[in-house]
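**Student:** To start, I am sharing the structure in question, which I have written as structure tokens.
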């Protein structure tokens, strides 16, 4: 299940995100928070000590029965900017960021996992007919 808190005026179709959530975590709730650039900067500064806005952050919760898997926070203005720059829909960019974030909630770590997260993202991109992922774009 997906719980969405859109704190921005930007609108999007979230149906594909429900499908992605059901594939990746069929028995767990995922919270998706859509924020402004400034809010993302504050969250990044407070949680990671990095004083800049980023595109997506993940906050896993402890593995306690009947609690959400965690929260994925997406910077909507940055997602919109990336979608325009890369020539695809905002919904696709949000889906890519969401996949990336949920994989982190599930324990994947592209900085340490020897390509496992990249492989899983690639599989999901094909399944949901999406453009290149964050990791794939970074490596191109």
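Every residue, even glycine, has its Cβ placed from backbone N, Cα and C.
The following feature annotations were taken from Swiss-Prot:
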type: BINDING; residues: 100, 104, 110; note: Zn(2+) binding site
**Student:** Provide the number of Cβ atoms within 10 Å of the Cβ of residue 104 (Zn(2+) binding site), excluding the reference atom itself.
**Tutor:** 19
**Student:** Including all protein chains shown, what's the count of other C-beta atoms within 10 A of the C-beta of residue 100 (Zn(2+) binding site)?
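**Tutor:** Result for residue 100 (Zn(2+) binding site): 22 other Cβ atoms within 10 Å.
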**Student:** Check the DSSP secondary structure of residue 100 (Zn(2+) binding site), expressed as helix, strand or coil.
**Tutor:** helix
